[in-house]
Amino acid sequence: MLLVLGRRVSLSFVKRVIPQDPVLLSKPILQNFRTIKFRVIHSSTVFAIATRQNTDTMPERRPFVRLPTDVYPVNYGLCLKPDLIDFTFEGKLEAIVEVNLATNQIVMNCADIDIITASFVPEGGEEINATGFNYQNEDEKVTLSFPSALQKGSGTLKIDFVGELNDKMKGFYRSKYATPAGEIRYAAVTQFEATDARRAFPCWDEPAIKATFDISLIVPKDRVALSNMNVIDRKPHPEDDSLLEVKFATTPIMSTYLVAFVIGEYDFVEGQSSDGVTVRVYTPTGKAEQGKFALEVAVKTLPFYNDYFNVPYPLPKIDLIAIADFAAGAMENWGLVTYRETALLIDPKNSCSSSRQWVALVVGHELAHQWFGNLVTMEWWTHLWLNEGFASWIEYLCVDHCFPDYDIWTQFVSADYTRALDLDALDNSHPIEVNVGHPSEVDEIFDAISYSKGASVIRMLHNYIGDEDFRKGMHSYLLKFQHKNAATEDLWDCLEQASGKPIALVMSSWTKQMGFPIIVVDQEQQGDDRILKISQKKFCASGPHNGEDCPKWMVPISICTGEDPGCTKLKVLLDSPETTITINNVSPDQWVKINPGTVGFYRIQYSSAMLESLLPGIRDLTLLPVDRLGLQNDLFSLLHKQADMQEEKNRIERVLGAISAPDLIQKVLTFALSVCTHNHSCPGGRASPGHCVSNRGRGRKQ
């Protein structure tokens, strides 16, 4: 998911009469009983008791506990009937479940939903009606109580419920749009990641509790109805000829946060990938032309991922749809990817190149998730960074393959890589991998460390392993865990087996501690060999790290020379505070550069002599643009304290002076020094995030 900053009105509906064969509630009943709460008693049996916590006092916060495993879903049979006038919806759930341990309670996730009836039918047995529904609002759970124990084995859980099409842009919500004639209307759309499927239907809303889904939607016949799978049946609703019942094919086994449905007015453009997958891009009415570029990207992207992962896309179709009101940048729902309009639509007459590149990256990001995230899903939100960091890296790999003229990797360094370095150098950064307990903590880790630093260290890992072994490891990982859940360590194991390198050991030093090193380099010529002295220490925006225990990283280091700037001459793994490296057959007049391609996630501080030797490569442009960019960025970042200013100013001027445009150079230099001066006048000598950090929102959020 590409996320953007920002993310309750509870309903109390109840049904007076419980029919023997429950059906969806009709609109008149909803109107009559919208504000009524009461008990329904028949022959001294309590069929439904809704008990809620008193919201007038703040209860003591209890430790978060994940859902019990005594009952789990196998298949959700879900039918929803949204009302686009009153902004409510009626739902009917028939879930095939497995009872692992005899129990008289079923605990599920449920938020802003009112359950009308609930019952359990054991396989081959008689229906057992629930005697009460206990809502735990703080934990967004409901406990269904039964008069006798549900025995071990299979059965069907039946629930009738109602809810609100909210205006919070999460769960099942309403999206406001204008028709070409200017009339205001509403669509019903979903956004479930991280934990909002529970606002659309009672469910086991944890990523590791996967099931298949059979979804039906009852919608106005003049509206488009979409879900994860293709439509297999469409027929008039028996009670209202203005409505259609649309039934979708059974999904693969999947997590609840990837379920999606959309009801609204849309046009579309259609194509087919070379692998035979039907691709549609849905746009607002009258804007089909603006979906053609995204269609082109998607049709190119699916075969790329099929080939790269060597695992076929498992669904018969994929839809990409622009949503008018959408909190995230985009969401990777399996087979139905939702986007905010600016992340999908391109006006062929008025859109600039950067807009096209942005759309290409977002489409590449979400389609990568169809494999990495959807086919194989994180076991818990602690591993979210891997989902997002991986997709944020491979989107660039994909766009570079599909549109090589974009020079997209230079833009990666300029945007994600540099931004992640700036943020991670601050004292208030955090490790990439953060333990998540309560789901309310999930939004806190949807940030640039998860996305941009995550992408940067995956890029470094890919370079360290090599593309061939990386692809082998990815293929093994996807095959081993397809339709299942995995943790970060599972990917490291597969990559380690494919490459023979200590992947888990290397990557834990980057994911489990915050920050990154500065690599200090000096050189000495001995005959035809170049001797490099390399050391590492923690880089801090506030100045040199003075703590007693300086963290250390296992740093993949690549080295190139002026003989062939585009080719890595030597790779080493720096697994100690310092080391000495010998590069054979390097003449005295050749320059040596660390980190070609600006791939390693670290800063570099060269000795003055090494820096001087790089100037000819800058002047004649043999040093690649991405390396010149990385070099200048490192130099500016080294302006730590006022005492170093003149020395660092002279070093930067020597580098920048190798480029023509002195007026521009002086302006850039003056600005950089003024920012540094301001930062070091801040309390405690700490860098000011307001000046060091790009204000792009969180993660890949636009």
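Quick reminder: no glycine exception, Cβ is built from N, Cα and C everywhere.
Worth saying up front: this structure is predicted, and the values here are computed from it rather than measured.
The annotation active site, proton acceptor is assigned in TrEMBL to GLU366. Annotation source TrEMBL lists Zn(2+) binding site at HIS365, HIS369, GLU388. What TrEMBL records for 73-258 is domain 'Aminopeptidase N-like N-terminal'. If you look up TrEMBL, you'll see 293-510 marked as domain 'Peptidase M1 membrane alanine aminopeptidase'. Annotation source TrEMBL lists site 'Transition state stabilizer' at TYR451.
The two recorded residues, HIS365 (Zn(2+) binding site) and TYR451 (site 'Transition state stabilizer'), have Cα atoms 11 Å apart. Taking every protein chain shown into account, HIS365, HIS369 are the binding-site residues, and of these the Cβ with the most other Cβ atoms within 10 Å belongs to HIS365. Residue pair GLU388 (Zn(2+) binding site) / the residue listed as 'active site, proton acceptor' shows a Cα separation of 10 Å. All protein chains shown were included, and the count of other CB atoms within 10 Å of the CB of the residue listed as 'active site, proton acceptor' stands at 29. The average pLDDT computed over the domain 'Aminopeptidase N-like N-terminal' (73-258) stands at 95. Across the fold, the C-alpha of TYR451 (site 'Transition state stabilizer') and the C-alpha of the residue listed as 'active site, proton acceptor' stand 13 Å from each other. The local packing around GLU388 (Zn(2+) binding site), expressed as other Cβ atoms within 10 Å of its Cβ over all shown chains, amounts to 27. Other C-beta atoms found within 10 angstroms of the C-beta of TYR451 (site 'Transition state stabilizer') number 29, with every protein chain shown included.
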